[in-house]
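> Take a look at this one; I'll ask things after.
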Amino acid sequence: MAEAHQAVGFRPSLTSDGAEVELSAPVLQEIYLSGLRSWKRHLSRFWNDFLTGVFPASPLSWLFLFSAIQLAWFLQLDPSLGLMEKIKELLPDWGGQHHGLRGVLAAALFASCLWGALIFTLHVALRLLLSYHGWLLEPHGAMSSPTKTWLALVRIFSGRHPMLFSYQRSLPRQPVP
């Protein structure tokens with residue numbers, strides 16, 4: 001019976017002052033490590049879902065797009081056709097001292113919206129390309145020009161180094177068998 005109490009790791013006791021619980025240090029350490037493992041697993045799943053969700057693009061492509069917009073803004077060019085100025089007006093004013101920060105945030109928001117539109121366009125294009133079934137009806141060994149064109153476009157739009165479930169959002173809808 002004594003071993004069972006030691007295995008539990010905490011000892012509740014009732015006294016005249018009320019209830020007391022005594023926790024041992026190894027139990028607290030195991031609880032902490034369990035919570036840490038759980039959060040690491042959640043963050044890993046979130047990052048994996050993010051990468052597979054934006055698959056034909058990559059987070060590095062967002063950074064490239066943001067850098068190009070910032071460079072164009074620095075060279076006094078407006079790639080957004082006035083949209084970044086409207087975004088800057090909508091952002092809160094922090095005492096007027098951080099005008100440059102508002103510009104960077106406006107560029108980041110514009111780059112994110114543009115990147116999201118690019119990802120959506122790639123998903124729709126892949127969905128339309130993967131809906132093509134003309135290659136099924138061709139004789140073995142022969143490949144027609146439309147099928148060659150389709151194959152080249154699929155290779156262009158499909159991206160590199162896919163992960164598991166990367167194409168999940170790009171697959172065409174199929175009827176239930």
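Just so it is clear, glycine is given a Cβ too, placed from its N, Cα and C backbone atoms.
The domain 'Carnitine O-palmitoyltransferase N-terminal' annotation in TrEMBL covers 1-47. Sequence annotations record features per position, and here TrEMBL assigns transmembrane segment to 50-75, 104-126.
So that I understand the layout, could you describe where these features sit and how close they are to other parts?
When pLDDT is averaged over the domain 'Carnitine O-palmitoyltransferase N-terminal' (1-47), the result is 78.
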> For the transmembrane segment (50-75), give me same-chain residues lying six or more residues beyond its boundaries with a C-beta closer than 8 angstroms to one of its C-beta atoms, as numbers and ranges.
84, 103-104, 107-108, 110-112, 114-115, 118-119, 122-123, 126, 157-159, 162-170
